[in-house]
Amino acid sequence: KAVISICGLKVAIVCMLTDSQQRKSRCGCSSSSLDANGSRSSKTFKPKKNIPEGSHQYELLKHAEATLGSGNLRQAVMLPEGEDLNEWIAVNTVDFFNQINMLYGTITEFCTETSCPVMSAGPRYEYHWADGTNIKKPIKCSAPKYIDYLMTWVQDQLDDETLFPSKIGVPFPKNFMSVAKTILKRLFRVYAHIYHQHFDSVIQLQEEAHLNTSFKHFIFFVQEFNLIDRRELAPLQDLIEKLGSKDR
């Protein structure tokens, strides 16, 4: 167990990779939150994106899950022999969307307009939202609003059969890699916000091992295929280096 300081918080680098935890990361992404009366209620942040059972992408996901169960994350992210790179990236992008969806869902009651009036990752990094279609000029907004925009936008991309084809034989578009990189870059910002602004809540919920394992898997994957510019990773660079050093 290593400890690193992020925004004044001592983050214990504890990672778990158990079969039960992998199942949890792919569950229905529901979490408990407080309703208006202060009682706990079931809440789902965004619907889970399902990969059709019986499809080749479903088989790839099962392969990924089986490899993850070995505990070797560097090996788990590698392109399986004979498989298409675009399809591998597509399957994993859907899986990371589901994981981050679930992780953020556990702390939504702590991430509010009041507690997080801007979308930030510590005092040095602030994010403004634009999707180039509905909102063309970047707007400053609260973290929950930004993340709602972000996750809705990602879900729209994943549901677009012309971008993420689920049928065998349908080719990926020429701009697929560019879109996938943008999705992963934006999903990283949710991890960064959780670590910098809500890690105390994650500890309180005893979710730190799950968060660390999910983030480590995500980082190893984007590093393997060079999917996010190093400058974009700067808010969590110390943590990334610490996680990577444990596998050398």
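Yeah, the Cβs are placed from backbone N, Cα and C, and that goes for glycine too.
The number of other Cβ atoms within 10 Å of the Cβ belonging to His193 (Zn(2+) binding site), over all protein chains shown, comes to 25. As annotated by TrEMBL, Zn(2+) binding site applies to Cys111, Cys116, His193, His198.
According to TrEMBL, the compositional bias 'Polar residues' annotation covers 30-42.
Annotated region 'Disordered' per TrEMBL: 30-52, in sequence order.
There are 23 other Cβ atoms within 10 Å of the Cβ belonging to His198 (Zn(2+) binding site).
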